[in-house]
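One structure is given below, encoded as structure tokens.
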Amino acid sequence: METLLAFLTVFSHPQLLLLVGLGTFAGVYVGAIPGLSVTMAVSILISFTFSWDVYPAISLMIGIYMGGVYGGSRTAILLNIPGAPSAIATAMDGYPMAKRGEAGTAIGVTTVMSFIGGFIGIGVLALAAPFVSDFALKFQPRDYMLLAVLGILLVGSLSTGSLVKGIFAGALGIAIGAVGRDALTFTERFTFDLQIMEGGISFIAVMIGMFGVSEALMQLHHVDKTAVRQKISRIIPSMSTVRKHLPLSMQTSTIGVIIGALPGTGGDIAALMAYDHAKRVTKNPDRPFGEGAMEGLVAPETANNSAVGGAFIPMMTLGIPGDAVTAIMIGALFIHGLNPGPMLMVDNPDMFWFIVGALVTANCFMLFFGLTGIKLFTKIVEMPRSVLIPMIMLLSIVGAYAVNNSISDVYWMLGFGVFGYFMRHYGYPLGPVILGVILSRLLDDNWRRAIISEREDMGRFFEGLFSSPLSTVLLIAVVLIFVSQTPLWTRAKSILLRRSPR
Amino acid sequence: MKRIILGAASALALSLATAHAQDYPSKEIQGIIQWGAGGSTDTVMRAVTPHAEEVLGGTVVMQNMTGAVGAIALNHVTNADADGYTLLMGAENPMLYKIMGLGDKDYSEFTPISILARGTPLLVANVDAPFNDYAEMIAYVKANPGEVRFGATGPGGLPSVVTAMINTVEGELDVIAVPYDGDGPALTALQGGAIDVMPAVLGAAIEGVRAGNMKPLAVFDVAENDKLPGVPAVSSFNAGYETYLPWGPFFGVFAPKGTPDDVVAKLSDAYAQGAANADFVELMDNRGFTLMGISGAEAEEFLSKWQQGTAWLLQDAGLTKSSPEEFGIARPGE
């Protein structure tokens, strides 16, 4: 009974309900602007809500978080500029739809699917949090490394056209991610003794440059062309569409929850992995992936929103943040006099159920705000290019500056923008670059941790690998996915298929 | 929005008039936090500053500036005008930049506004580790060289100093140091069994210890900590530690050298009163931090003593890039 009351706290207090709604609304717009991140918004809110009670403060933060994760898809679909790293995969099929004038449909599907994904994440949080966090703790450095390798193999599905060019782009991304003072040994890497390189290259600056500025430059080619008129008659997807994609969304939500619950990986990796998964399991998409396949929207959007619930799992059960936003929320709970940690669930179970309740509310608000106001948003793409292009440039600069309040990030962003333009021009895909940057440190740090733990002995490393079921399963997955992308696989399949009828 | 811009513009106009303590602060003060959002420096600064603002009658806009182990934030503030409108909110690391080859500046370029609090290191182990206290751990490590995994956070971090202390007092121990980027991730790895032992600041580990998710081995202090009764002080196992303890990381607010004395005094007073606020005191106590609230000559003396002790400890353990001597850091007691 008390649990239920705690769960319903948000609904029974109009003020909290309002704050969650306000947060979600603000989150959708903060999330939509590249560079303005949820992490930043929430950390500003800590000071802002300092004198408030803990419930209103958390309500507002949760609203922003939920709305922000979803909001990143808006600009991804409409302008091909992901508002957040977790919306990179969304741009790949969302933007082609907008180019055909189906932005309304794309946003509608995205919203409903984000809603479903969000609910699955919250459901797992509410029902199975202790189990999932136990599982997440089992991940050893070598498992994170294998996970990163699994991620690197996505290069295949993110490259449209030449695989060699995709691999080149991915490798470039890994190199960019390695620049700066190494966090483990504090040694300078690829800095050429320049002070500007010491802090590393901001990943967000690379992303904004590569997607935002290069897109603006591409659009300059046809500055006089009239914009595509968007059909917005049918926004809410039909029941049959939802039902058709339900099995896929269940699978990708599971990916989202688990990747979200792992400390050290978040919605961005989850969304990319889910996209890859969709590409693998969807036999006959209505349209090919990369040209506006509905599945290419469903997968990343369910995954990144279910990762929200996932990220709360280790936070609530162990006091360990599942991602950057939950790390700040732990700080907020601490400031408000609670002691976030494994004892929070025991000392203060109401807090847990209150957060679950607030997440549910935020998810519902997200659906509401997502489905309204689309008309206004689609107007953005219908604007003449002479207005749109400068606007993209302006947003990109503001966003890149806002990340760390540093002007050098703006220069990086512009540099990568021009570079990205030429990459596109010569048919190099940009997705793998970002993938490389995201995974660079995960791969590198955990490989080093894994091998240092084994006294730099390869024999002991493999012994450990095969003595843990989790590592073995991950290794098999890596090998299978790798082989499935080589001609060996097709040959093996044809031999097997020829044999089976007999 | 328009009003904010207008406000900013008028603040700018006001600041053109020479800064004077009477009208200080006449515009927003920028507080640059050396570490990322959600970290312990960030949390402490965001918790104390609103109380200090009340005393000060102005606003301090806090901003996280991360990168290069905090050196980017430090350089940013040293390059700012010494007018009291740009403050550095940092931890102990800059005191080791020089000897670690991470930079050529440290807190000697700053006037301490307030050294707020100091943390106590705690040695924790995975619950399944085959030892239950500090003495058993030392015995186990000696019997099984090269088997026990210690968590680390890079050269100059708290674990490296504590490990150097152990090596100096107990003689060289053969352990594997696995690097993590912060004590949070390392303590997570400890609970998952990726590492066996982790020297961490008490505040970061206390909740895990309370829940029984990790085993406390010893408090790195000369006396037990009242937050963790029953966990022995490491000096009770080996009196050799008394030379180096108490030692701990600290948090402080700093202004660039050359900031007018009356401005420094006003800021110091504000932070001293802010840190005395009951809410803040309780919050720090919950996390096992020892409140210090020192400024002026007392703070300068604390800083130089801290630097001497730690720098030479690391130097003797062979962990430094260049000798403290090169920077005029005297050996303690000399």
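The backbone N, Cα and C atoms fix where each Cβ goes, glycine too.
As given in TrEMBL:
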DOMAIN    A:17-435  domain 'DUF112'
TRANSMEM  A:103-132  transmembrane segment
TRANSMEM  A:167-184  transmembrane segment
TRANSMEM  A:196-214  transmembrane segment
TRANSMEM  A:255-275  transmembrane segment
TRANSMEM  A:320-339  transmembrane segment
TRANSMEM  A:351-374  transmembrane segment
TRANSMEM  A:386-403  transmembrane segment
TRANSMEM  A:423-443  transmembrane segment
TRANSMEM  A:464-483  transmembrane segment
Stretch of maximal Cβ-Cβ contact with the transmembrane segment (A:423-443) [cut-off: under 8 Å; candidates A:196-214, A:255-275, A:320-339, A:351-374, A:386-403]: A:196-214
Tertiary contacts of the transmembrane segment (A:464-483) (same chain, 6+ residues out, Cβ under 8 Å): 138-140, 142-143, 146-147, 149-150, 153, 454, 489
Paired segments the transmembrane segment (A:255-275) and the transmembrane segment (A:103-132) in contact, 3+ CB pairs under 8 A: yes
Proximity verdict for the transmembrane segment (A:351-374) and the transmembrane segment (A:103-132), three or more C-beta pairs under 8 Å: yes
Chain residues in Cβ proximity to the transmembrane segment (A:167-184) (below 8 Å; excluding those fewer than six residues from its ends, i.e. six or more beyond): 152, 155, 159, 190-191, 197-201, 203, 206, 423, 428-441, 443-445, 448-449
Segment-level pLDDT (mean, integer) for the domain 'DUF112' (A:17-435): 87
Chain residues outside the transmembrane segment (A:386-403) and at least six past its termini with a C-beta under 8 angstroms from it: 33-37, 40, 79, 81, 202, 204-205, 208-209, 212-213, 215-216, 219-220, 223, 227, 380, 409-410, 412-414, 417
Positions on the same chain near the transmembrane segment (A:196-214), where near means CB under 8 A and six or more residues out: 34-35, 37, 80-82, 85, 88, 91, 176-177, 179-181, 188, 190, 392-393, 395-396, 399-400, 403-404, 406, 408-410, 412-421, 423-424, 430, 433-434, 437-438
